[in-house]
């Protein structure tokens with residue numbers, strides 16, 4: 001008789017355990033064990049628990065290839081609990097070797113789950129015919145569950161699923177997260193409903209009235225925004241370090257449709273020549289031309305208004321980025337004046353408010369929804385459909401897709417559905433939402449998703465006080481070096497890349513379903529070189545973690561105070577100067593209930609959950625080999641070191657930039 005010691009680990013989340021009967025079978029190159037009953041893994045409501053069990057067999061099974069787990073329901077007073085979250089199985093062989101079988105999945109019903117030994121294996125390195133066949137069966141089974149679906153013409157495809165409750169258990173929220181989201185939303189909505197805000201269609205009478213709405217939930221940044229939102233310096237700061245640092249670029253030449261003259265900006269440039277300052281690289285531009293012609297929404301039965309402004313900014317000798325000219329519509333003309341800081345207080349302030357509303361549209365739909373959430377879903381779907389669990393890229397990527405499919409499914413139901421918050425309450429909602437998203441997709445390129453290239457393309461390599469750039473480039477470098485070493489461990493040469501059919505199918509689906517087979521995007525259709533794969537995997541990880549944190553985490557900080565980031569505007573842009581007053585501004589702002597919906601959404605989307613997983617964590621769940629584990633530990637150490645550097649830097653800043661501190665960057669698009 002030979003002895004195998006089996007350790008079964010239940011997940012740490014609430015209700016991960018089960019009362020079901022659990023069975024295990026070991027499969028090796030020389031045979032398989034009997035199906036053996038093991039003790040209850042955990043009682044209901046428990047947290048993590050490890051069960052150690054001994055399997056006696058008449059002969060050695062050889063090299064262990066699989067562990068087969070299955071459950072049988074246990075009935076108690078008519079109650080049956082089928083689901084069990086198994087994190088991993090560890091087996092010690094008679095020879096004293098350890099075999100790891102990472103699972104990290106929910107097991108439901110009677111269907112046996114076959115888990116492969118945890119060493120990452122490329123398909124052309126498989127030597128076991130049964131293992132190759134099992135890879136095929138696994139992917140075939142996944143493709144039947146994870147099916148592509150066209151959400152809207154011209155947009156990346158999504159997972160075909162009716163509702164979040166229909167998602168496979170392995171990709172759904174934990175019990176803790178699900179309960180927390182529902183409780184938080186219910187609490188906030190109840191408080192605001194009791195205050196009568198969510199149904200109040202009146203206009204704001206004063207800013208002081210608005211100031212008291214979120215008193216109990218204001219953050220330090222929120223307070224700073226409320227106090228400084230009118231200031232030109234803060235307006236410029238946000239284009240670098242707010243929730244949308246993606247629009248600004250260096251101006252090498254004034255657009256023909258933006259006829260700013262030397263006389264207009266002479267005072268703002270301290271008497272210097274505009275042309276000379278452009279040549280020196282001190283002039284910058286934000287152009288919201290994608291909003292031109294987009295249909296504005298009708299909210300509370302009233303037509304609202306969208307503009308596609310152009311805004312010119314100047315970097316002063318004191319390194320302050322200041323707006324110096326704003327044109328609210330793309331076509332110049334007498335009814336489209338260029339507003340200047342020297343204009344009346346409310347003329348200038350209202351012009352900046354229209355820019356901030358345009359920035360809301362670009363941020364929320366393009367740089368947040370499309371470029372992080374929807375792309376993350378594409379990456380997740382292709383990974384689940386094309387890479388078996390034993391594939392090293394599956395192991396490297398899967399933790400970066402935690403909760404993504406469910407949060408996106410919920411977003412489509414609650415935010416951009418026919419009755420969603422954005423659809424009903426945003427100026428860019430309604431029919432205009434899809435019009436704008438299609439324009440945004442048309443601008444989507446591989447280069448713009450790779451931060452080093454994007455920064456260079458926008459000419460922002462040397463602009464001072466660009467904290468998003470500083471932290472982002474540093475994290476890109478840390479992630480890139482980690483990916484380079486991990487990929488290099490498994491792919492020893494370019495021919496390994498070319499021979500990996502599973503990898504090639506993975507990128508084909510991303511190109512076809514995510515980027516709609518548009519070669520102009522620059523997205524690869526296949527990989528030939530190790531360097532190509534390293535760059536693409538770096539982009540994927542960066543997009544779903546670092547970039548998402550940059551455009552998501554500060555939504556309530558910068559958008560909770562509505563005047564700074566209005567969700568909608570209900571009066572048309574001014575066509576002449578000298579007519580705007582405080583009353584004009586208040587009447588332009590969205591109604592109370594529209595404001596309420598926007599503020600609540602910003603709060604819920606940026607509230608860090610209790611089961612938050614920071615960047616760099618989760619890999620150990622899937623890798624068992626010594627070399628990858630050492631690389632993971634080094635990666636985590638680098639992130640910790642940079643986190644400390646950011647903390648030290650932030651001490652001296654009037655407004656600390658914390659969104660890309662590694663401890664604050666969630667590992668996946670999970671919110």
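One-based numbering along the chain as shown.
Keep in mind that glycine also has a Cβ here, set from the backbone N, Cα and C atoms.
Bear in mind that TrEMBL entries carry predicted annotations, made automatically and left uncurated.
What TrEMBL says about this protein:
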DOMAIN    2-121  domain 'PLAT'
BINDING   17, 83  Ca(2+) binding site
SITE      106  site 'Essential for stabilizing binding to COTL1'
DOMAIN    121-671  domain 'Lipoxygenase'
BINDING   368, 373, 548  Fe cation binding site
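Within 10 Å (C-alpha to C-alpha) of residue 83 (Ca(2+) binding site) lie the following recorded positions from 106, 368, 373, 548: 106. Every protein chain considered, the tally of other Cβ atoms within 10 Å of the Cβ of residue 368 (Fe cation binding site) stands at 23.
Rounded to a whole number, the C-alpha distance linking residue 548 (Fe cation binding site) with residue 106 (site 'Essential for stabilizing binding to COTL1') is 27 angstrom. Those residues of the chain, other than 368, 373, 548, with a C-beta within 8 angstroms of the mean position of the Fe cation site C-beta atoms are 367, 369, 371, 372, 376, 547, 551, 552, 669.
For the domain 'PLAT' (2-121), the mean pLDDT of the prediction comes to 77. Minimal Cβ crowding within 10 Å, among the binding-site residues 83, 373, is found at 83. In terms of C-alpha distance, the listed recorded positions 106, 368, 373 place 106 closest to residue 17 (Ca(2+) binding site).
The two recorded residues, residue 368 (Fe cation binding site) and residue 106 (site 'Essential for stabilizing binding to COTL1'), have Cα atoms 30 Å apart.
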